[in-house]
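**Student:** The annotation transmembrane segment is assigned in TrEMBL to 21-38, 50-74, 95-112, 132-150, 171-197, 217-241, 253-270, 282-304, 383-401.
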Amino acid sequence: FLERHSSKARGFKPQFTTGNYVLGLFMIYMSTQVDALLGDGHGRGPDVAALTVTFFLFEFLAATQDIAVDGWALTMLSRENVGYASTCNSVGQTAGYFLGNVLFLALESASFCNKYLRFEPQPRGIVTLSDFLFFWGAVFLVTTTLVAFLKKENEELIPAKEETKGITDTYRLLFSIIKMPAVLTFCLLILTSKIGFSAADAVTGLKLVEEGVPKEHLALLAVPMVPLQIILPLVISKYTAGPQPLNTFYKAMPYRLLFGLEFAFLVWWAPKVKHEGGFPVYYYAVVVLSYALHQVTLYSMYVAVMAFNAKVSDPLIGGTYMTLLNTVSNLGGNWPSTVALWLVDPLTVKECAGAQGHTCATAAATELCTAAGGSCVTTLDGYYVESVVCVILGFAWWFFLGPKFKKLQDEGQSSWKCKRSN
């Protein structure tokens with residue numbers, strides 16, 4: 001539906017500017033309401049229903065912008081340079097994540113600001129959430145105005161004919177894309193390609209916190225990664241902007257899988273080196289180095305898939321094609337992570353110590369064990385089971401299905417073009 005409005009004869013610029021203006025104004029309005037929605041912490045809780053509606057509207061407006069940018073990249077960049085769309089995407093996401101997450105959480109934290117940025121302690125951080133929303137809402141309005149006046153559409157690359165006539169036609173086109181053999185094969189393979197990384201990506205951070213690593217320290221460890229995450233796509237794009245970007249994906253995959261075992265070792269090692277004052281500097285150094293090397297493999301795969309999606313997407317269908325492929329790629333990482341989080345507890349083996357005849361197999365059995373004077377002790381953490389199983393499944397995919405996935409880039413352009421009726 002959103003793509004329908006970005007495929008008109010005037011191109012993607014109107015949707016981009018309109019969506020950004022609405023998003024900027026919405027953020028400025030929310031800056032006046034967010035404190036009331038989150039509650040005051042003195043008996044008044046958060047308004048969950050209103051927050052749900054707010055996040056839905058945020059996602060809707062962001063999706064509008066995302067589709068416009070995806071479609072615009074296909075017509076703004078020449079065909080031989082369209083692979084660089086993934087570089088712009090990943091660099092922008094990294095910078096946005098740093099500014100909107102790491103930097104904001106640091107400046108919003110009273111303890112961080114008092115410890116590192118102030119001479120006299122204050123009860124609040126330097127920046128509040130309402131300040132943050134107002135500032136970036138204003139930035140959206142200013143930058144969108146500059147784009148509206150300074151950026152001109154390339155009229156030669158804008159389709160003269162609107163490809164979709166309505167919502168029904170849009171979904172019919174979407175399903176026709178999915179039914180194409182090449183696209184269907186890509187979707188099935190990409191949906192299963194990241195199973196091997198699910199334990200490492202979704203559970204490792206939680207387990208480190210469980211072992212005593214402070215959350216604020218883990219957040220600060222992400223700061224030195226930001227320059228690396230910005231530079232990596234620029235370096236990797238030299239290898240993914242060519243005719244075979246999936247070669248980089250295939251070569252990086254086994255190294256990323258091995259980091260799953262290395263992360264499990266870091267979790268196992270944490271209680272061994274912990275002391276009363278926390279963790280030694282060398283432990284954090286190993287964590288940072290491991291995470292930095294892991295980012296090299298992660299971005300190699302991410303940029304490669306994004307470059308491939310941009311290369312095979314049909315520019316005449318606007319943002320629908322590329323957004324569909326990117327959505328499936330993201331879903332391929334999200335659903336295994338959800339399953340991995342859910343399976344940790346069922347795979348964990350515990351026994352009741354101090355009370356004979358009791359077990360800790362269920363929540364009710366755990367309560368009976370505690371009531372009998374015992375305590376549940378973990379004998380086998382499900383995280384380690386998951387880590388090994390995921391790595392095995394990942395290597396099985398790489399060995400048996402990886403070559404088939406890599407062969408998709410050898411398909412001709414006709415295999416990816418949607419059949420349209422005049």
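Just so it is clear, glycine is given a Cβ too, placed from its N, Cα and C backbone atoms.
Let's see these features in context: how buried, what's close, how far.
**Tutor:** Within the same chain, residues 121-129, 132, 136, 216, 219-220, 222-223, 226, 230 sit at least 6 positions outside the transmembrane segment (95-112) and bring their C-beta atoms closer than 8 Å to a C-beta of that stretch.
Long-range contacts of the transmembrane segment (171-197) within the same chain, counting only residues at least 6 positions beyond its ends with a Cβ under 8 Å from a Cβ of the stretch, are 163-164, 253, 256-257, 260, 305, 312, 317, 320-321, 324-325, 328-329, 331-333, 335-336, 390-391, 393-395, 397-398, 401, 404-405, 408, 411, 415-416, 418-419.
Sequence-remote contacts of a segment are chain residues at least 6 beyond its ends whose Cβ falls under 8 Å from one of its Cβ atoms, and for the transmembrane segment (253-270) they are 193, 196-197, 199-200, 204, 207-208, 211-213, 279, 283, 286-287, 290, 293-294, 297-298, 301, 383-384, 387-388, 390-391, 394-395, 398, 402.
Residues 86-87, 90, 200, 208, 217, 221, 224-225, 228-229, 232-233, 236-237, 240, 245-249, 251-253, 255-256, 259, 262-263, 266, 269-270, 273 of the same chain, all 6+ positions outside the transmembrane segment (282-304), place their C-beta atoms under 8 angstroms from a C-beta of that stretch.
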**Student:** Of the listed stretches 50-74, 132-150, 217-241, 383-401, which one has the most C-beta pairs under 8 A with the transmembrane segment (21-38)?
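**Tutor:** Most contacts with the transmembrane segment (21-38): 132-150.
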**Student:** Going along the chain, which residues at least six beyond the ends of the transmembrane segment (217-241) come within the CB cut-off of under 8 Å?
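**Tutor:** Sequence-remote neighbours of the transmembrane segment (217-241) are 81, 83-84, 86-87, 90-91, 94-95, 98, 102, 105-106, 205, 208-209, 247-248, 284, 287-288, 291-292, 295-296, 299-300, 303-304, 307-308.
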**Student:** The transmembrane segment (132-150): which same-chain residues, six or more beyond its ends, come within Cβ distance under 8 Å?
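**Tutor:** Same-chain contacts beyond the flanks: 13, 16-17, 20-21, 23-28, 30-31, 34, 100, 104, 108.
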